[in-house]
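Undergrad: Pulled the feature table from TrEMBL, pasting it below:
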TRANSMEM  32-51  transmembrane segment
TRANSMEM  57-76  transmembrane segment
TRANSMEM  96-116  transmembrane segment
TRANSMEM  122-146  transmembrane segment
TRANSMEM  153-170  transmembrane segment
TRANSMEM  176-201  transmembrane segment
Amino acid sequence: MFGIITSWIIPAFTGKHTQKHPIIFSHLLERLTALIIIMFGETIVGISKYFTQNTFSIQSIMIFIIVVSLFFTYIVEFDHLIEEQRTHETGNLLIYLHYFILFGLSLVTVALDFTHESEANAIFSITCLYVGIALFYIGIVIASYYNKTTLKLENYVVVAFIVVTLMGYFTSMCFATFSIIAGVTALTTLINAVVITLSLVRRYER
(Lines of atoms letter the chains of each structure in order from A and count residues from 1; the text may use other names and numbers.)
(Lines give C-alpha, C1' and ligand atoms only; values in the text may rest on other atoms or scores of the structure.)
Protein backbone atom coordinates (compact mmCIF):
# COMPACT_ATOMS: atom_id res chain seq x y z
CA MET A 1 0.00 0.00 0.00
CA PHE A 2 2.84 2.38 0.89
CA GLY A 3 4.47 1.70 -2.47
CA ILE A 4 1.23 2.40 -4.34
CA ILE A 5 0.61 5.68 -2.51
CA THR A 6 4.23 6.73 -3.02
CA SER A 7 4.01 6.02 -6.74
CA TRP A 8 0.98 8.34 -6.90
CA ILE A 9 2.59 11.20 -4.99
CA ILE A 10 6.22 11.28 -6.16
CA PRO A 11 5.51 12.33 -9.79
CA ALA A 12 4.04 15.58 -8.46
CA PHE A 13 7.54 16.60 -7.33
CA THR A 14 9.38 15.68 -10.52
CA GLY A 15 8.03 18.43 -12.77
CA LYS A 16 11.34 20.28 -13.15
CA HIS A 17 13.08 17.12 -14.32
CA THR A 18 10.33 15.77 -16.56
CA GLN A 19 9.99 19.13 -18.34
CA LYS A 20 13.37 18.41 -19.88
CA HIS A 21 11.93 15.23 -21.37
CA PRO A 22 8.31 16.13 -22.29
CA ILE A 23 5.89 13.37 -23.20
CA ILE A 24 3.87 13.06 -26.39
CA PHE A 25 0.68 14.50 -24.99
CA SER A 26 -1.71 12.95 -27.51
CA HIS A 27 -0.35 9.45 -26.79
CA LEU A 28 -0.79 9.84 -23.03
CA LEU A 29 -4.27 11.26 -23.53
CA GLU A 30 -5.22 8.32 -25.74
CA ARG A 31 -4.11 5.78 -23.14
CA LEU A 32 -5.84 7.52 -20.24
CA THR A 33 -9.01 7.85 -22.28
CA ALA A 34 -8.87 4.13 -23.04
CA LEU A 35 -8.55 3.43 -19.29
CA ILE A 36 -11.65 5.50 -18.53
CA ILE A 37 -13.61 3.80 -21.31
CA ILE A 38 -12.70 0.46 -19.73
CA MET A 39 -13.93 1.82 -16.39
CA PHE A 40 -17.22 2.82 -17.99
CA GLY A 41 -17.42 -0.73 -19.30
CA GLU A 42 -17.03 -2.00 -15.74
CA THR A 43 -19.80 0.34 -14.66
CA ILE A 44 -22.08 -1.10 -17.35
CA VAL A 45 -21.29 -4.59 -16.07
CA GLY A 46 -22.06 -3.40 -12.55
CA ILE A 47 -25.53 -2.14 -13.47
CA SER A 48 -26.39 -5.17 -15.63
CA LYS A 49 -28.39 -6.64 -12.72
CA TYR A 50 -31.03 -3.98 -13.40
CA PHE A 51 -31.61 -5.31 -16.91
CA THR A 52 -32.74 -8.87 -16.36
CA GLN A 53 -36.23 -10.10 -17.17
CA ASN A 54 -37.18 -9.95 -13.49
CA THR A 55 -35.57 -6.63 -12.53
CA PHE A 56 -36.07 -4.39 -15.58
CA SER A 57 -38.08 -1.26 -14.77
CA ILE A 58 -38.19 2.49 -15.32
CA GLN A 59 -35.45 2.74 -12.68
CA SER A 60 -33.25 0.60 -14.92
CA ILE A 61 -33.56 3.22 -17.63
CA MET A 62 -32.73 5.99 -15.14
CA ILE A 63 -29.61 4.14 -14.03
CA PHE A 64 -28.55 3.74 -17.66
CA ILE A 65 -29.11 7.46 -18.29
CA ILE A 66 -26.79 8.27 -15.37
CA VAL A 67 -23.95 6.25 -16.90
CA VAL A 68 -24.57 7.50 -20.44
CA SER A 69 -24.71 11.14 -19.29
CA LEU A 70 -21.40 10.85 -17.44
CA PHE A 71 -19.82 9.15 -20.45
CA PHE A 72 -21.15 11.84 -22.79
CA THR A 73 -19.75 14.58 -20.54
CA TYR A 74 -16.36 12.87 -20.59
CA ILE A 75 -16.40 12.51 -24.37
CA VAL A 76 -17.35 16.16 -24.93
CA GLU A 77 -14.41 17.32 -22.81
CA PHE A 78 -11.75 14.88 -23.98
CA ASP A 79 -12.78 14.41 -27.61
CA HIS A 80 -13.96 17.90 -28.53
CA LEU A 81 -12.73 20.56 -26.10
CA ILE A 82 -9.22 19.45 -25.25
CA GLU A 83 -6.16 20.44 -27.28
CA GLU A 84 -4.45 17.17 -28.18
CA GLN A 85 -1.41 18.62 -29.94
CA ARG A 86 0.17 20.23 -26.91
CA THR A 87 3.94 20.40 -26.59
CA HIS A 88 6.39 20.69 -23.67
CA GLU A 89 3.99 18.93 -21.31
CA THR A 90 4.98 16.59 -18.47
CA GLY A 91 1.52 15.04 -18.38
CA ASN A 92 1.47 15.00 -14.57
CA LEU A 93 -1.69 17.10 -14.28
CA LEU A 94 -3.45 15.00 -16.91
CA ILE A 95 -2.63 11.85 -14.94
CA TYR A 96 -3.69 13.28 -11.59
CA LEU A 97 -7.01 14.67 -12.83
CA HIS A 98 -7.83 11.20 -14.13
CA TYR A 99 -7.51 9.92 -10.56
CA PHE A 100 -10.54 12.08 -9.71
CA ILE A 101 -12.47 10.69 -12.67
CA LEU A 102 -11.40 7.11 -11.98
CA PHE A 103 -12.19 7.22 -8.26
CA GLY A 104 -15.43 9.05 -8.98
CA LEU A 105 -16.61 6.40 -11.42
CA SER A 106 -15.61 3.68 -8.97
CA LEU A 107 -17.78 5.25 -6.26
CA VAL A 108 -20.68 5.69 -8.67
CA THR A 109 -20.39 2.04 -9.72
CA VAL A 110 -20.36 0.83 -6.11
CA ALA A 111 -23.24 3.11 -5.09
CA LEU A 112 -25.44 2.07 -8.02
CA ASP A 113 -24.76 -1.54 -7.11
CA PHE A 114 -26.32 -1.35 -3.64
CA THR A 115 -28.54 1.76 -3.59
CA HIS A 116 -31.62 -0.30 -4.41
CA GLU A 117 -31.11 -2.69 -1.49
CA SER A 118 -33.60 -2.14 1.33
CA GLU A 119 -31.00 -2.82 4.01
CA ALA A 120 -28.59 -0.24 2.60
CA ASN A 121 -28.13 2.96 4.58
CA ALA A 122 -29.80 5.64 2.43
CA ILE A 123 -27.61 8.51 3.66
CA PHE A 124 -24.43 6.56 3.00
CA SER A 125 -25.46 5.28 -0.42
CA ILE A 126 -26.65 8.70 -1.64
CA THR A 127 -23.53 10.40 -0.31
CA CYS A 128 -21.33 7.76 -1.91
CA LEU A 129 -23.11 8.25 -5.24
CA TYR A 130 -22.89 12.03 -5.24
CA VAL A 131 -19.32 12.19 -3.94
CA GLY A 132 -18.44 9.98 -6.90
CA ILE A 133 -20.29 12.28 -9.30
CA ALA A 134 -18.62 15.33 -7.73
CA LEU A 135 -15.15 13.79 -8.10
CA PHE A 136 -15.94 13.04 -11.74
CA TYR A 137 -16.92 16.67 -12.41
CA ILE A 138 -13.86 17.96 -10.53
CA GLY A 139 -11.70 15.94 -12.92
CA ILE A 140 -13.59 17.36 -15.91
CA VAL A 141 -13.18 20.94 -14.68
CA ILE A 142 -9.44 20.48 -14.03
CA ALA A 143 -9.11 18.99 -17.53
CA SER A 144 -10.35 22.28 -18.99
CA TYR A 145 -6.82 23.60 -18.34
CA TYR A 146 -5.86 21.68 -21.49
CA ASN A 147 -8.77 22.95 -23.59
CA LYS A 148 -8.27 24.69 -26.91
CA THR A 149 -7.88 28.44 -26.51
CA THR A 150 -11.25 29.11 -28.12
CA LEU A 151 -12.99 26.35 -26.17
CA LYS A 152 -12.15 27.11 -22.55
CA LEU A 153 -14.80 25.91 -20.12
CA GLU A 154 -17.09 28.83 -19.36
CA ASN A 155 -17.82 29.82 -15.77
CA TYR A 156 -21.53 29.13 -16.08
CA VAL A 157 -20.77 25.49 -16.91
CA VAL A 158 -18.80 25.10 -13.68
CA VAL A 159 -21.55 26.87 -11.72
CA ALA A 160 -24.15 24.56 -13.31
CA PHE A 161 -22.10 21.49 -12.32
CA ILE A 162 -21.98 22.69 -8.71
CA VAL A 163 -25.56 23.93 -8.34
CA VAL A 164 -27.30 21.11 -10.22
CA THR A 165 -25.28 18.41 -8.46
CA LEU A 166 -25.96 19.90 -5.02
CA MET A 167 -29.65 20.20 -5.81
CA GLY A 168 -29.69 16.57 -6.92
CA TYR A 169 -27.94 15.49 -3.72
CA PHE A 170 -30.25 17.34 -1.34
CA THR A 171 -33.37 16.32 -3.25
CA SER A 172 -32.29 12.67 -3.11
CA MET A 173 -31.57 13.01 0.62
CA CYS A 174 -35.01 14.50 1.27
CA PHE A 175 -36.92 11.60 -0.33
CA ALA A 176 -34.35 8.79 -0.15
CA THR A 177 -36.27 6.15 -2.08
CA PHE A 178 -34.63 4.20 -4.89
CA SER A 179 -37.07 5.50 -7.49
CA ILE A 180 -36.46 9.13 -6.52
CA ILE A 181 -32.70 8.68 -6.21
CA ALA A 182 -32.47 7.07 -9.67
CA GLY A 183 -34.75 9.66 -11.29
CA VAL A 184 -33.18 12.73 -9.67
CA THR A 185 -29.62 11.55 -10.31
CA ALA A 186 -30.43 10.75 -13.95
CA LEU A 187 -31.88 14.25 -14.35
CA THR A 188 -28.85 15.78 -12.59
CA THR A 189 -26.26 14.12 -14.81
CA LEU A 190 -28.34 14.66 -17.94
CA ILE A 191 -28.70 18.40 -17.28
CA ASN A 192 -24.95 18.71 -16.72
CA ALA A 193 -24.24 16.80 -19.94
CA VAL A 194 -26.61 19.09 -21.84
CA VAL A 195 -25.03 22.22 -20.33
CA ILE A 196 -21.49 21.31 -21.40
CA THR A 197 -22.73 20.18 -24.83
CA LEU A 198 -24.63 23.42 -25.42
CA SER A 199 -21.53 25.33 -24.38
CA LEU A 200 -19.58 23.51 -27.09
CA VAL A 201 -22.30 24.07 -29.72
CA ARG A 202 -22.47 27.79 -28.93
CA ARG A 203 -18.72 28.12 -29.45
CA TYR A 204 -18.90 26.48 -32.87
CA GLU A 205 -21.81 28.71 -33.90
CA ARG A 206 -19.87 31.90 -33.20
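Backbone N, Cα and C define each Cβ position, glycine as well.
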Undergrad: Take the C-beta pairs under 8 A between the transmembrane segment (176-201) and each of 57-76, 96-116, 153-170. Which stretch has the highest count?
TA: 57-76
Undergrad: What parts of the chain pack near the transmembrane segment (57-76), using Cβ distances under 8 Å and only residues at least 6 beyond its ends?
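TA: Residues 36, 40, 43-44, 47, 50-51, 101, 105, 108, 112, 116, 133, 136-137, 140, 178-179, 182-183, 185-186, 189-190, 192-193, 196-197, 200.
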